[in-house]
Amino acid sequence: MKSIGITAIGMYVPERVVHNHEFESRMGIEDGWIESRSGIRERRFSAPGEFASHIGAKAVQDMLARDPDALKDVDLVIYATCTPDAMFPSTAALVAGQVGLTGVGAYDLSTACSGFVYALSMARGMILGGSAKNVLVLGGEVLSKALDQDDRDTAILFGDGCGCAVVGEVPAGYGFQDFVLGADSAGGPALYISNLADQFPDGQIMRGVPTMNGREVFKFAVRVLGDSGTQALQKSGLSNADVDWLIPHQANIRIIEAATQRFGIPMEKTVINLDRYGNTSAGTVPLALYEAVNDGRIQGGQQLLMVVFGGGLSWAACTMKWWGGRPSLHAQVAQPAEVPA
């Protein structure tokens with residue numbers, strides 16, 4: 001069986017930086033309260049007229065700046081987002097047009113914060129099944145445009161940004177090993193954005209605005225991050241000691257700390273960037289992956305574990321041996337290591 005993995009990566013975050021003090025002063029919150037409870041110091045908000053397709057295209061352009069051939073033979077685009085430009089056409093199709101991909105398949109995937117890992121799994125399956133050769137996968141959001149800016153439970157947590165990856169064939173010994181995907185709709189009312197159907201609690205619906213029960217989400221997240229990650233490792237014949245880098249969904253530092261304790265993986269092996277970007281939903285994992293590769297922490301031959309959770313309630317985990325053999329897959333100073341035979 002062919003080895004399928006990531007062959008190129010890119011990212012983009014909007015220029016506007018929104019610091020905690022903007023919320024704390026406006027909401028009458030004590031200085032330092034947001035960071036102490038979430039680990040978030042700042043986040044990025046998109047400009048007026050800047051939507052998911054635009055930040056997606058800019059992430060792809062960043063990738064192309066480092067690897068001009070990254071989109072060669074890409075024949076499918078999947079965009080994981082819960083803040084699309086429109087119900088249709090798909091935001092994936094809009095991105096394809098903006099980056100010069102014509103005649104390719106394109107669709108959006110909505111699994112909230114779990115979306116990017118879900119999309120990686122789908123891309124791998126479609127390549128192995130012969131339906132695609134190379135797949136451009138994006139995970140990104142412009143949640144600032146959907147937030148109730150007076151809601152303490154959500155407004156302070158979310159930010160905007162997009163990461164992208166090309167999925168294709170990689171040398172033997174590298175790439176994706178196993179995936180775990182799951183969802184439980186019984187927990188749906190704990191985290192949702194209502195749209196067409198009035199099926200969530202009466203009196204609490206604000207159409208198009210994220211609504212969250214933080215206490216329930218915390219308990220769920222700690223459990224499923226630990227369980228799904230352990231399942232993925234077991235499917236791959238690995239243990240937590242084999243993991244070089246854990247890349248978790250960047251929702252809340254307390255969730256991450258509790259999950260790493262459940263894993264037995266130290267925080268020193270955990271990629272964290274929520275302090276600067278907040279929760280970008282489907283964008284958190286590709287943004288964290290990109291930064292850790294770009295600064296030289298993640299290098300070729302290292303074992304990665306990605307774990308995510310989101311609305312649905314949903315969850316996903318992925319084990320992967322990082323390749324690092326193309327320009328955007330390693331830092332300028334880092335050289336990819338060989339995988340032992």
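Our numbering is plain: 1 for the first residue shown, then up by one each step along the chain.
Yeah, the Cβs are placed from backbone N, Cα and C, and that goes for glycine too.
As the structure is a computational prediction, the values presented were derived from the model and not from experiment.
Check Swiss-Prot against the ranges 100-104, 165-169, 215-219, 250-254 and you find region 'ACP-binding' recorded for 250-254.
A 10 Å cutoff on Cβ-Cβ distances gives H249 (active site) a total of 30 other Cβ atoms nearby, all chains included.
Summarising the environment of N279 (active site), the number of other Cβ atoms within 10 Å of its Cβ, over all protein chains shown, is 24.
Shown for the region 'ACP-binding' (250-254): DSSP residue counts in helix, strand and coil, namely 2 helix, 0 strand, 3 coil. Shown in sequence order, H249, A251, N279, S281, A282, T284, V308, F309, G310, G311, S314 are the residues of the chain, 6+ apart in sequence, with a C-beta less than 8 angstroms from the C-beta of C113 (active site).
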